[in-house]
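Report on one structure; see the data block that follows.
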């Protein structure tokens, strides 16, 4: 989330900044996942911006989760997953490779291809570029009965071992996150898919250009491996974080230190009993130390050891 001293934070009134940090976090092995938890403020707040306080030199990626209940552990830092004690965690924000801050469009709040007889592109990216949420080209409404399909294309012909889809440094991390908003009365709008649930819609039915890679972009590739500028990177179509009366919540993992490669560490933060809206996510991380991060939400307590 953004800091109050930044120049363009005047669109919203009465905003707050919450830093979620992990002081002392230090992975002991590659591909370590560390978690921490932060309690949620007991007031109604809305998130309008996420900003990672991170650098690709130290963190490859980060994820922010929400738990509907207690976190998995009461420790300041623990190895993850799991994130929540009970229930399915909800991903709220993801950051990787020095991606810029994410600012919600004004009038919204956060609580592939679209297929409806034809395929409609929602978004396409390169995992070697800064990874974050980017605005879609147009407003897309997904209705009951619609299906979402994603394809991950990669070339491992120069590798000396088979490369499959997975969550470690020797795998290809084929993840596609969509941030969306729904009517407030929807009880649980989140969902995820880890397998091919609708085989009749994928494979040969994909359009020809779905596997065509994006052209090289040296500037983005350099940004993904270089030091992260906490002022953020401008992205076409990014809204100005012009909010007042904002709060910054830092979710940190103090002392987190992975003991082996591909370690996943989790932490938990309690949700505050306030009506708040998120307008920005920013990962406090560095791609040289963390490959990626995920933010989940739990409907009950977080998982603990």
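Using N, Cα and C of the backbone, Cβ positions are placed for all residues, glycine too.
Going by TrEMBL, these are the annotated features:
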DISULFID  35-80  disulfide bond
BINDING   60, 61  Cu(2+) binding site
DOMAIN    107-183  domain 'Copper type II ascorbate-dependent monooxygenase C-terminal'
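Shown in sequence order, 33, 34, 35, 72, 264, 265, 266, 267 are the residues of the chain, 6+ apart in sequence, with a C-beta less than 8 angstroms from the C-beta of residue 80 (disulfide bond). Around the Cβ of residue 61 (Cu(2+) binding site), the same chain contributes 94, 95, 96, 97, 131, 283, 285, 287, 290, 291, 292, 293, 294, each under 8 angstroms and 6 or more positions distant in sequence. Listed in sequence order, 96, 97, 287, 289, 290, 291, 292 are the same-chain residues six or more apart from residue 60 (Cu(2+) binding site) with CB atoms under 8 A from its CB. All chains included, 34 other C-beta atoms sit within 10 angstroms of the C-beta of residue 35 (disulfide bond). Under DSSP, residues within the domain 'Copper type II ascorbate-dependent monooxygenase C-terminal' (107-183) fall into helix, strand and coil as 0 helix, 12 strand, 65 coil.
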